[in-house]
């Protein structure tokens with residue numbers, strides 16, 4: 001006991017020095033000043049986090065006309081002026097005068113209308129920057145930055161979180177990480193939790209998370225999937241915008257690798273939480289807060305690359321309702337049912353009707369009347385008188401001669417006509 005006392009005193013002094021040197025939020029990032037040795041079991045129905053366990057946790061609260069404040073989303077403090085959160089928190093609520101941000105809190109009062117007390121700090125919103133390509137239908141690029149005023153003072157319970165190094169890549173594998181927030185402790189809770197909750201979650205392979213019986217292709221390459229296949233432990237409504245944090249393998253710092261974005265229900269089997277990965281947006285963050293400010297909050301020792309940069313692909317093409325998953329609500333479009341093993345072939349389409357004729361053809365000319373069959377060929381070139389004489393001779397059964405030709409005529413017996421009188 002005597003030998004351990006100096007060590008404990010040194011730890012307290014070290015934390016005090018870090019807090020003092022970090023008054024301008026320019027000191028080391030991702031340091032947990034206080035930790036629960038047992039750890040919180042889960043956010044949904046779990047245990048409370050220790051005060052100062054996650055010093056970069058921020059409560060984003062709607063500020064009403066009568067000065068009441070209502071917790072809406074979580075966020076991560078990056079430095080004395082900037083907070084990282086989710087873009088969908090500001091849909092329909094992007095007026096800077098409607099927001100107040102609370103720092104260094106373990107417990108918050110829903111609907112509070114009184115100024116916060118130390119060590120808590122409250123700040124106004126100077127600017128809200130939503131990603132230019134944020135898609136509210138698919139929750140693509142669900143990331144935003146909030147500039148606060150006046151700048152925050154870091155200290156015993158307030159400190160900046162870390163962001164991944166450029167060489168880190170997307171978080172993958174069976175790594176255990178943490179989530180925290182003031183969200184609902186059960187899916188149908190009447191309001192968010194007043195106590196900051198924490199939970200340990202596992203990273204889930206994106207291909208498994210996107211499989212047919214899970215999210216069926218709705219998870220994008222810039223997302224991180226975290227939770228458990230059986231559910232039971234998850235983020236919930238009110239945790240949106242809060243951090244997904246993984247411990248650096250070479251340091252004691254925690255890195256914000258994801259932003260709570262969306263999910264179907266809370267803690268359901270095969271419906272884990274979906275987070276916006278921070279690594280693909282490092283350049284975007286640097287363009288807003290400055291490259292030097294970003295370098296200040298990146299891990300000192302870059303880990304070896306784990307994945308290549310994600311390919312750019314168009315947003316998910318399934319039609320989804322424009323209604324947002326507010327407070328981490330389930331996306332309104334239900335998962336499409338799994339198709340049966342064998343789909344019947346569709347019936348053949350009927351043949352198209354024959355095209356109408358261009359124009360009716362004229363009827364063919366009538367065939368010439370048949371010539372009367374006769375074994376007697378009349379001479380050609382005879383005058384009417386001679387032809388008449390020839391006809392008379394034929395009727396009489398005589399032979400006709402025109403002086404040049406001699407013709408034998410067959411006699412045709414005609415029946416005698418009898419009078420009916």
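Heads up, the Cβ atoms here are built off N, Cα and C, so glycines get one too.
Under the heading active site, charge relay system, Swiss-Prot lists 88 (among others), citing similarity to another entry as support.
For residue 142 (active site, charge relay system), the same-chain residues 6+ apart in sequence whose C-beta sits under 8 angstroms from its C-beta are 86, 87, 88, 131, 134, 259, 261, 262, 276. Taken from Swiss-Prot, the feature active site, charge relay system applies to 142 (among others), supported by similarity to another entry.
Marked as active site, charge relay system by Swiss-Prot on the basis of similarity to another entry: 240 (among others). Under the DSSP three-state reduction, residue 240 (active site, charge relay system) is assigned to coil, being neither helix nor strand.
As annotated by Swiss-Prot, compositional bias 'Pro residues' applies to 301-316 (among others).
For 328-372 (among others), the entry in Swiss-Prot reads compositional bias 'Pro residues'.
Per Swiss-Prot, the feature compositional bias 'Basic and acidic residues' maps to 397-409.
Summarising the annotation, Swiss-Prot assigns compositional bias 'Low complexity' to 412-421.
According to Swiss-Prot, the feature disulfide bond maps to 73-89 (among others). Look at residue 73 (disulfide bond): DSSP puts it in a strand.
Neighbours of residue 177 (disulfide bond), defined as other CB atoms within 10 A of its CB across all chains, total 23. Secondary structure at residue 177 (disulfide bond), as computed by DSSP, is strand. Feature annotation from Swiss-Prot assigns disulfide bond to 177-246 (among others).
Take the CB of residue 225 (disulfide bond) and look out to 10 A: across all protein chains shown you find 23 other CB atoms. Under the heading disulfide bond, Swiss-Prot lists 209-225 (among others).
Swiss-Prot lists 236-266 (among others) with the feature disulfide bond. In the three-state DSSP reading, residue 266 (disulfide bond) counts as coil.
What Swiss-Prot lists as domain 'Peptidase S1' is 43-290.
Taken from Swiss-Prot, the feature N-linked glycosylation site covers 22 (among others).
Listed in sequence order, 216, 217, 218, 219 are the same-chain residues six or more apart from residue 210 (N-linked glycosylation site) with CB atoms under 8 A from its CB. The secondary structure of residue 210 (N-linked glycosylation site), as reduced to three states from DSSP, is coil rather than helix or strand. Swiss-Prot lists 210 (among others) with the feature N-linked glycosylation site, giving similarity to another entry as the kind of evidence.
According to Swiss-Prot, the region 'Disordered' annotation covers 297-316 (among others).
What Swiss-Prot lists as region 'Disordered' is 327-383 (among others).
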Three-state secondary structure, residue 88 (active site, charge relay system) (per DSSP): helix
Rounded Cα-Cα span from residue 177 (disulfide bond) to residue 225 (disulfide bond), Å: 11
Fewest other C-beta atoms within 10 angstroms, as judged across 89, 236, 246, 266, which are the disulfide-bonded residues: 246
Rounded mean pLDDT for the residues that make up the domain 'Peptidase S1' (43-290): 93
Residue 73 (disulfide bond): tally of other CB atoms within 10 A of its CB: 33
